[in-house]
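Record features (Swiss-Prot):
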- 3-23: transmembrane segment (TRANSMEM)
- 24-37: topological domain 'Extracellular' (TOPO_DOM)
- 38-58: transmembrane segment (TRANSMEM)
- 59-68: topological domain 'Cytoplasmic' (TOPO_DOM)
- 69-89: transmembrane segment (TRANSMEM)
- 90-140: topological domain 'Extracellular' (TOPO_DOM)
- SER115: phosphoserine (MOD_RES)
- 141-161: transmembrane segment (TRANSMEM)
- 162-170: topological domain 'Cytoplasmic' (TOPO_DOM)
- 171-191: transmembrane segment (TRANSMEM)
- 192-207: topological domain 'Extracellular' (TOPO_DOM)
- 208-228: transmembrane segment (TRANSMEM)
- 229-234: topological domain 'Cytoplasmic' (TOPO_DOM)
- 235-255: transmembrane segment (TRANSMEM)
- 256-276: topological domain 'Extracellular' (TOPO_DOM)
- 277-297: transmembrane segment (TRANSMEM)
- 298-316: topological domain 'Cytoplasmic' (TOPO_DOM)
- 317-337: transmembrane segment (TRANSMEM)
- 338-348: topological domain 'Extracellular' (TOPO_DOM)
- 349-369: transmembrane segment (TRANSMEM)
- 370-445: topological domain 'Cytoplasmic' (TOPO_DOM)
Amino acid sequence: MKFPASVLASVFLFVAETMAALYLSSTYRSAGDRMWQALTLFFSLMPCTLVQLTLLFVHRDLSRDRPLVLLMHLLQLGPLYRCCEVFCIYCQSDQNEEPYVSITKKRQMPKDGLSEEVEKEVGQSEGKLFTHRSAFSRASVIQAFLGSAPQLTLQLYITVLEQNITTGRFIMVLSLLSIVYGALRCNILAIKIKYDEYEVKVKPLAYVCIFLWRSFEIATRVIVLVLFTSVLKIWVVVVILVNFFSFFLYPWILFWNSGSPFPENIEKALTRVGTTIVLGFLTLLYAGINMFCWSAVQLKIDNPELISKSQNWYRLLIYYMMRFVENSVLLLLWFFFKTDIYMYVCAPLLILQLLIGYCTSILFMLVFYQFFHPCKKLFSSSVSESFSACLRCVCWSSARRKSTEPVGRIDTDLKACTDQGAQPSTSKLTPEATEIWTAVDLCST
């Protein structure tokens with residue numbers, strides 16, 4: 001049975017980040033900074049509450065008689081209790097006989113164009129561990145993008161304003177680790193959801209590549225937002241609201257345009273109001289993820305599983321192009337409106353470093369999809385093929401514009417030859433004209 005390392009990592013980041021935030025809020029209270037204290041506590045306690053609700057919802061404990069579990073979640077200690085429960089199940093799994101065994105069927109990755117279906121016995125303990133891993137993965141994503149991301153942005157903004165790095169703020173680098181880990185779990189969840197019928201095995205190099213990709217992407221995004229906020233405090237509200245509502249409303253707009261009925265089968269115990277609340281929370285999380293990085297999971301409300309399983313390279317390309325343009329514009333505005341606190345900062349060099357950092361994240365993303373994606377054999381087209389097709393399209397369009405004038409000369413020669421009753425000779429034409437004449441000849445046949 002696989003060691004529950006992901007559960008341990010999720011609980012460690014949850015506890016460490018919460019303790020660091022509480023310590024930092026106490027330092028703000030001692031210094032008399034009530035506003036910073038309130039915001040730090042809010043971005044710490046709000047995701048804690050959402051994590052407790054997520055664990056209760058996934059395990060369906062609200063409809064079961066488990067008062068101790070409910071009490072631990074009310075005390076914000078639910079993840080610790082669940083972690084102890086996970087390791088108890090793991091340690092006792094080899095000692096007790098499984099009273100119930102289910103059989104799952106998974107297809108292996110294709111080899112030489114063939115894919116075999118493999119049956120696997122899953123015991124009761126392994127099934128419970130799978131549920132715990134799934135719950136903690138979702139909790140890590142919620143904690144990362146609804147708590148850690150705004151918390152890291154806030155603390156970095158305070159550091160820039162006060163030009164002082166305290167011990168508490170340095171400890172908040174845990175927030176960056178939490179965001180990167182949440183994005184990594186989001187990638188793994190997306191792969192397992194899209195390729196649910198296959199046996200997916202993620203190699204260590206794939207984890208390293210995703211970690212580097214997400215680290216560069218999220219770090220540069222947070223720094224860009226902080227720099228822009230430090231000089232244009234009012235306009236950053238506009239930027240955040242436009243980003244948030246664009247991604248929040250996008251799944252709903254697609255749902256309304258599809259004309260599909262309202263989804264009723266998300267959870268049998270939920271009413272229509274409860275389903276609406278769950279969908280609203282999912283779109284809120286979807287918008288929060290896309291605010292800082294690319295969401296590997298694409299929300300699709302008209303789908304019974306709420307997740308789109310198609311691999312849309314064009315949506316990925318458009319997202320990173322628009323995000324790169326947005327980051328560049330925000331950095332240029334910061335450069336023109338920067339204040340005296342950046343007197344000793346080489347602004348052009350900083351802008352160049354941030355843009356190179358974002359391009360580095362895109363490079364690691366392309367490397368992951370090209371070489372380390374566990375299901376790359378199932379892609380209809382690889383990253384390199386899509387990139388080559390895009391380059392060919394650009395080159396073809398530019399060549400077509402350049403060959404407009406030779407085409408005119410060809411038409412004149414053809415008309416003259418036709419009037420004389422002679423066959424045109426391609427040897428007198430330029431190479432470009434010869435290619436075009438061949439294409440015309442083929443099309444006419």
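A Cβ is built for glycine as well, from the same backbone N, Cα and C atoms used for every other residue.
Confidence across the topological domain 'Cytoplasmic' (370-445), taken as the mean pLDDT and rounded to a whole number, stands at 57.
Nonlocal intrachain contacts for the topological domain 'Extracellular' (338-348), taken as residues 6+ away from its ends with a CB within less than 8 angstroms of a stretch CB, comprise 160-161, 163, 230-231. When the topological domain 'Extracellular' (24-37) is classified with DSSP, helix, strand and coil residues number 12 helix, 0 strand, 2 coil. Helix first, then strand, then coil: DSSP counts for the topological domain 'Cytoplasmic' (298-316) stand at 4 helix, 2 strand, 13 coil. Here the transmembrane segment (141-161) sits apart from the transmembrane segment (235-255); fewer than 3 CB pairs are under 8 Å, leaving out pairs fewer than 6 apart in sequence. Beyond its flanks by at least six residues, the transmembrane segment (235-255) meets 225, 228-229, 283-284, 286-288, 290-291, 299-302, 326, 330, 333 of its own chain at Cβ-Cβ distances under 8 Å. Proximity of the transmembrane segment (69-89) to the transmembrane segment (38-58) is established through 3 or more Cβ-Cβ distances under 8 Å for residue pairs spaced 6 or more apart. Contact counts against the transmembrane segment (171-191), taken as Cβ pairs under 8 Å, peak for 208-228 among the stretches 38-58, 208-228, 317-337, 349-369. In terms of DSSP secondary structure, the topological domain 'Cytoplasmic' (162-170) contains 5 helix, 0 strand, 4 coil.
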